[in-house]
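Enquirer: Structure provided below as structure tokens; questions to follow.
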Ligand code: PFF
Ligand code: NA
């Protein structure tokens, strides 16, 4: 059988498609807002540079050398204790778990594309009650769009690396970038733009505590798609002789740029038009639609385009979240791609229904434990435990387990003098940082 491989640009767009997601456009602006802007952004940027970039290279390397699903790759590359190390590959499960709520949120976005076409809420209050009505009492709408997300994602997965994943990213990623660039260009012409710049880039160190630090590190992982085997799985389909460092650079660069562009744009709009920029997860679904209304007819166009861009970002990330497990069942159990795609799709579709119900009045009471509903639990367990753990395992695996000579022979030509710095980051900086993050997130420190 001929093995499908990404083209050079196809890989970069697919990996960037994985990275650029709801994390950039929905999550980054609101957490940057919550932690006071500048200082938080700086910590996040440093984390991306010192830890994220190193792990991105490490994850690409495991996939590139392993050439298989994540479990097989770990098994193949461990010189001994193969049975133990192959467990590292089960980080792919985290992606499937994340999909349980990610798909539901994409459903909300689909719904917002449609409602923005019809009419925008005239006030923040109205926007808030519209959002809450959907979240807490409209099971049917959420179910409809969640199912639509499931169909789109499963369809692309079934078409495979070339005809599905690469093709999707070759179309959606440039479209997404054009939409954001256009809206960003408009934002720069507004008076409030300088206000947004100074909010995002002048550090207010008083706002940085250990909590902000941990959030910045955790977000750097989430936003770069690290610690779950997505990047690893895509890298298994790299051409021979790919320049991993260059690829990693592009993915990190695009992800970071798009987060900053989205942040600047949203804050400009909020400062310019919004009277009450609601902080928190409602930023995009509550404050923003009301702001678009204030903009008049242009706002209507922007609203639709914005949610379309957000849907594109979410869908390309979704496909990468599920692909590791799809690949796993293909490689290890000889399942057909169709069977594997549908089975993994059904998994997150079914649990997604529970996630929807856990926000619905009358059901949420029995789907809530310890102050968190099912939806929040899935988010929490993946982000607080699985993801930092996945990152830690990868850093240790490349830093200490794969024979140094093997790592060196592939990486030294590309990294040169930076090779030792990279290895140092993997061996010492990353594990310590990840460990602290994990303890702190689960509330030990
Ligand atoms: N990086 C994506 C985002 O920023 O929304 C989310 C994500 C995708 C996380 C794929 C992890 C992953 F493996
Ligand atoms: Na991202």
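The backbone N, Cα and C atoms fix where each Cβ goes, and this holds for glycine too.
Nobody curates TrEMBL annotations by hand; they come from automatic prediction.
According to TrEMBL, the protein has these features:
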- 37-66: transmembrane segment (TRANSMEM)
- 87-110: transmembrane segment (TRANSMEM)
- 139-158: transmembrane segment (TRANSMEM)
- 170-193: transmembrane segment (TRANSMEM)
- 213-236: transmembrane segment (TRANSMEM)
- 248-271: transmembrane segment (TRANSMEM)
- 291-322: transmembrane segment (TRANSMEM)
- 342-360: transmembrane segment (TRANSMEM)
- 380-402: transmembrane segment (TRANSMEM)
- 422-444: transmembrane segment (TRANSMEM)
Enquirer: Let me spell it out: take the transmembrane segment (342-360), skip the flanking residues so only those 6+ beyond its ends count, and list any with a Cβ under 8 Å from a Cβ in it.
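Expert: For the transmembrane segment (342-360), the sequence-distant neighbours (Cβ-Cβ under 8 Å, at least 6 residues beyond its ends) are 96, 99-101, 103-104, 135-137, 139, 142-143, 146-147, 150, 153-154, 157-158, 322, 325-326, 329, 335, 367-368, 373-375, 378.
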Enquirer: Which residues, given as numbers and ranges, are at least 6 beyond the ends of the transmembrane segment (213-236) yet have a Cβ under 8 Å from it?
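Expert: Tertiary neighbours of the transmembrane segment (213-236) are 6, 11, 14-15, 18-19, 21, 23-24, 27-28, 31, 35, 40, 43-44, 47-48, 51-52, 55-56, 59-64, 66-70, 73, 89, 91-92, 94-95, 98, 165, 244, 251-252, 255, 259, 317, 320-321, 323-324, 327, 383-384, 386-391, 394, 433-434, 436-437, 440-441.
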Enquirer: Relative to the transmembrane segment (139-158), which of 37-66, 87-110, 170-193, 248-271 accounts for the most Cβ pairs at distances under 8 Å?
Expert: 87-110
Enquirer: Pairs 6 or more apart in sequence, C-beta under 8 angstroms, 3 or more of them: is that satisfied by the transmembrane segment (37-66) and the transmembrane segment (291-322)?
Expert: no
Enquirer: Other than its close neighbours in sequence, what residues sit by the transmembrane segment (87-110), given a CB gap under 8 Å and a spacing of at least six beyond its ends?
Expert: 22, 26, 69-75, 134, 142, 144-150, 153, 227-230, 233, 285, 307, 310-311, 314-315, 317-318, 320-325, 327-328, 344, 347-349, 351-352, 354-356, 375, 378-379, 381-382, 386-387, 389-390, 393-394, 397
Enquirer: Based on Cβ pairs under 8 Å, which of the stretches 170-193, 248-271, 422-444 lies most in contact with the transmembrane segment (291-322)?
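Expert: It is 170-193 that shares the most Cβ pairs under 8 Å with the transmembrane segment (291-322).
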Enquirer: Should anything in the same chain at least six residues away from the transmembrane segment (170-193) have a Cβ under 8 Å from its Cβ atoms, list it; otherwise answer none.
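Expert: For the transmembrane segment (170-193), the list is 9-10, 13, 16-17, 20, 258, 261-262, 264-265, 267-269, 271-272, 298, 302, 305-306, 308-309, 312-313, 315-316.
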Enquirer: With a Cβ cut-off under 8 Å, give me the same-chain residues at least six positions beyond the ends of the transmembrane segment (248-271) that come close to it.
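Expert: Sequence-distant neighbours of the transmembrane segment (248-271): 12, 15-16, 19-20, 23-25, 28-29, 32-33, 41, 45, 48, 52-53, 56-57, 60, 177, 180-181, 183-184, 187-188, 190, 192-193, 195-197, 199-200, 223-224, 231, 277, 283-284, 287-288, 291-292, 295.
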